[in-house]
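If you check TrEMBL, you get these features:
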type: TRANSMEM; residues: 6-26; note: transmembrane segment
type: TRANSMEM; residues: 47-76; note: transmembrane segment
type: TRANSMEM; residues: 82-104; note: transmembrane segment
type: TRANSMEM; residues: 134-151; note: transmembrane segment
type: TRANSMEM; residues: 212-235; note: transmembrane segment
type: TRANSMEM; residues: 247-266; note: transmembrane segment
type: TRANSMEM; residues: 286-309; note: transmembrane segment
């Protein structure tokens, strides 16, 4: 009985260390690589190959396909990513997550304790935030190796117990029944742990101790690939239809891939054995099976992406679309980078909408649009209010789930940007009221009025376009250049003379210019805060 307790404590303790190490390393990577990852994400296009590369790279860096897939579901739910882009990212994430298996192959698991010790020393005594985060990665990696070592040691006595050998024989992949049972077990265990990396580690520990044969390990890996889809599925609950479709795509890709392998399982296992004989390095054999499956799956699905999209568009459609983001937002709190990126993209959408509202106003005064289109400006104000509420809800929730100084700085910035954009929405409504006043009073706008306003509109519209790009990908030199342009606009607007026209009230002209001055001032305020964010991140 005492032996069973020892085994239980070592295996569960090792698994706990492994999972915590993965979580710590993933979150630390997210914070260190956050700005770089943001640049990569926003270079995505509808090109499926680029999506695969982006998904692979991001997941390999942050060491968690769960982060990537939940991020995808969240972005689609907020209408910030297309389903086509999502499928590319998901295929890439499936490949990127296999890097964890290769990390476990390296024969450095015995260095887990020294890595934790060195990392803890740097973390406790360094005052540099970046060094602290790098130390956290080191500690996380050490915990992963120590956890794997504990699991291996805990399982070692099992190979001398006949009852356990008999139990594991049930799952032996020497028969198709055993293959299917092993795959189902792998899927179930991964669904419970919500970490394919953890179950890969358990599989390696079992195989290293000789408790399962190599083919059983391959079958378990196939099942683990299906089980890992549970995280994205849970995140897609209570989301829009396209977000659900992204989760369904993840599930379908894995199930179809495994279904294609199963009839040829023994041939597939033989190929892996030829590439990496299991008797030489069983961990490498398992890691290779994981990598080959996901790369092969991506290659198989590539020619059929359009068919997959058509199929997905026929399923998962709610009669009444549920646009509540509460559930997916809660899931995003687990992944700060994803949560911040969602809010940053929404701020970008606010800028885009406001730029469109200004364009509507200038077309109204040019008589290029009918007067009833002025209502769009008031709808724009409502849009800004709703977006601000969504961002505030997301970020205030994140405030309570993180203690990272860098993340808190980014939250402060995004809250400021969202609040500023909400104020700009009020200016759009004010311009709508001014236009209605001219219509109600049957005022004919002088040509020089229209030309002057159009001149400043073009400059401010260009500043807004550049602000949108800078918000998504802050660059210190671009901010400095744009600030200079805004300051020049501000100076020019201060010295505009009122129009002298007896048939037209000059206060209307000055009122419009006053709104544009304030808009320009708000743009400059946002640029200053973006510049401050970069400087703080660099410090």
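Just so you know, glycine gets a Cβ as well, placed from its N, Cα and C.
Note: TrEMBL annotation is automatic and uncurated.
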Do the transmembrane segment (6-26) and the transmembrane segment (134-151) come together with 3 or more C-beta pairs under 8 Å, pairs six or more apart in sequence?
yes
Quick one: do the transmembrane segment (286-309) and the transmembrane segment (212-235) have at least 3 Cβ pairs under 8 Å, skipping pairs fewer than 6 apart in sequence?
yes
Does the transmembrane segment (212-235) come close to the transmembrane segment (47-76), meaning at least 3 CB pairs under 8 Å for residues 6 or more apart?
yes
Contacting positions for the transmembrane segment (134-151) when only residues 6+ beyond its ends and CB under 8 Å are counted:
10-11, 13-29, 32, 103-104, 108-120, 122-123, 126, 201-202, 204-205
Could you tell me what the rest of the chain brings near the transmembrane segment (247-266), counting residues at least six beyond its ends with Cβ under 8 Å?
69, 73, 83, 86-87, 90-91, 94, 173, 176, 179-180, 183, 215, 218-219, 222-223, 225-226, 228-229, 232-233, 235-236, 293, 296-297, 300-301, 308, 312, 315-316
